[in-house]
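Enquirer: Structure incoming, see below.
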Amino acid sequence: MSAWSKIVRDDPAPAPVDAAEASAAAAAEATLESKLRDAATLKAVVDANAVFKGYALTDPNVLCVTIAEVLDEIRDAKGRDAVAASAGALEVAEPSEEAIEAVKRFASKTGDVHALSRVDMKLIALAYDLEGRCHGVEHLRTEPAPPRTHAKKTNRFEKQPGWDYVPNADDWAELDDMNKLQEEAEREMREKMAKVSIEQAEEEELRKEREAETAVARERRAAEEERVRALKEKAAEALVAQEHIVKDVEGDTDEWAPVICRTTRVRRQKREERARLAAEEAERRATANAEVEGATPEELEEQSKRATDFFTSRGEIEANMEEEEDDDASTRSDDDEEVELESCVSSVTADYAMQNVILQMGLKLVAPDGMRIEHLRRWVLRCHACNEITRNLTRMFCPKCGNQTLQKVEHTVTRDGVEQFGVRKKFVLRGSKYTLPAPKGGRNAKKIILREDQLMSVRLTKKQVGEDVFAAEYNEESYADAKHFASQKTAYEIGGGDVRRNPNERRHVATNRRRK
């Protein structure tokens, strides 16, 4: 090797670093570190979509922090102008490796690991790291919350009285008791009416025999008539009571009345009965106290009125409390989220997958456009072919049937503890069936993976002559050793068995070669 070629291959000498610039950079880094550790300073971890949506970066009360990859993602003129207008207000920091691993483990448990890019994980890890510096990580979750309880209403229409389900079984039992009482009253009424008809026939027979009876018989006849008259009066009273019962149960149909369910009507009747009994008890107590104290009739009436008002008002208060409890029970939601902790670190992002992980970890979230997820979700993979469920979201092929038909679906739990898994739309294969391309060689060739047991061969490049294998940087984790391997991409990066795009069509390749 000639001297000139060696000079060309050698790296240029590094430019000298000014001592003043180095000290200024060190001072700025120390100042930024102190601000990041200060719990009194509000900090916002900003994502690229927040800049696109016009999130204000110039707030003097908030320290905006991001990573270097986010600045590289901002390529449009509007975003660059927003970053330039911030005049250095957007600081750059890097999360620790421990925070990145913690976020990756948590995202794997929630099922969002493949929905998050490396940049997204680093942003969440940066918020996690800053939270640990300011408040510690003891209050943050290491395990996701249990799956969401499915509380969707199947019937969105209002329940109609007498036709829909009554949730309280005691009300049904009370209605059954009232029906039994009504049936018993009707049966007694029929028996009494039958007795009355029989007695009328006997009275007709007795009328024909009156001329032949003696004075003693006439007295007996008068007593018998008195007994018949008493029976008739009792029958009339029973009939009136029956009419009152029917009117109380069914209501007066001659007037307009609000449409209420039978349960509410029974509850009101019980309430009125309690109020009436309470008023009678109050009047009795007031009368007894007045007799003991020797009060005048006016004072007795005043005491009775006050006692009646007291017991009646107490009954109304209890009734109102019952109605409020019923209203609260009907309007209470099962998806109430936990109260967020007061923290000085917030994550500003519009990515729904990031929001799902951030909220489940217990970090503070700010949506730049106000669009925030409503429910925290857990995800699993469900096979469309055999309905097999797997919670390992790193798989591409079904562990049971081997097809590439795994779909990401939501995992929920019913109130009874039954697990439910969502479904996706049916596969539409129209326009996605193509002939497999001819195999091509080369280390950069993309082979279509059709089955899980299809091995990906590792191809090595020819080692360069003159490398020192005993050097300190030459190990299994260094770039010096990894560069001998071809760019072995994962199945997700290659595309796996997804051949919905035509693999035989020609792709546009940028080249300077002229075409004929």
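Including glycine, each Cβ sits where the backbone N, Cα and C put it.
Note that the structure is predicted; figures quoted are calculated from it, not measured.
TrEMBL lists these features:
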DOMAIN    45-130  domain 'Ribonuclease PIN'
COILED    175-241  coiled coil
REGION    280-339  region 'Disordered'
COMPBIAS  319-339  compositional bias 'Acidic residues'
DOMAIN    373-442  domain 'Nin one binding (NOB1) Zn-ribbon-like'
REGION    495-516  region 'Disordered'
COMPBIAS  498-508  compositional bias 'Basic and acidic residues'
Enquirer: Tally the residues of the domain 'Ribonuclease PIN' (45-130) by DSSP class, grouping H, G and I as helix, E and B as strand, and everything else as coil.
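Expert: Secondary-structure composition of the domain 'Ribonuclease PIN' (45-130): 47 helix, 10 strand, 29 coil.
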Enquirer: What is the three-state DSSP composition of the domain 'Nin one binding (NOB1) Zn-ribbon-like' (373-442), stated as helix, strand and coil residue counts?
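Expert: Split into helix, strand and coil, the domain 'Nin one binding (NOB1) Zn-ribbon-like' (373-442) gives 0 helix, 19 strand, 51 coil.
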Enquirer: Considering every residue in the domain 'Nin one binding (NOB1) Zn-ribbon-like' (373-442), what is the mean pLDDT value?
Expert: 85
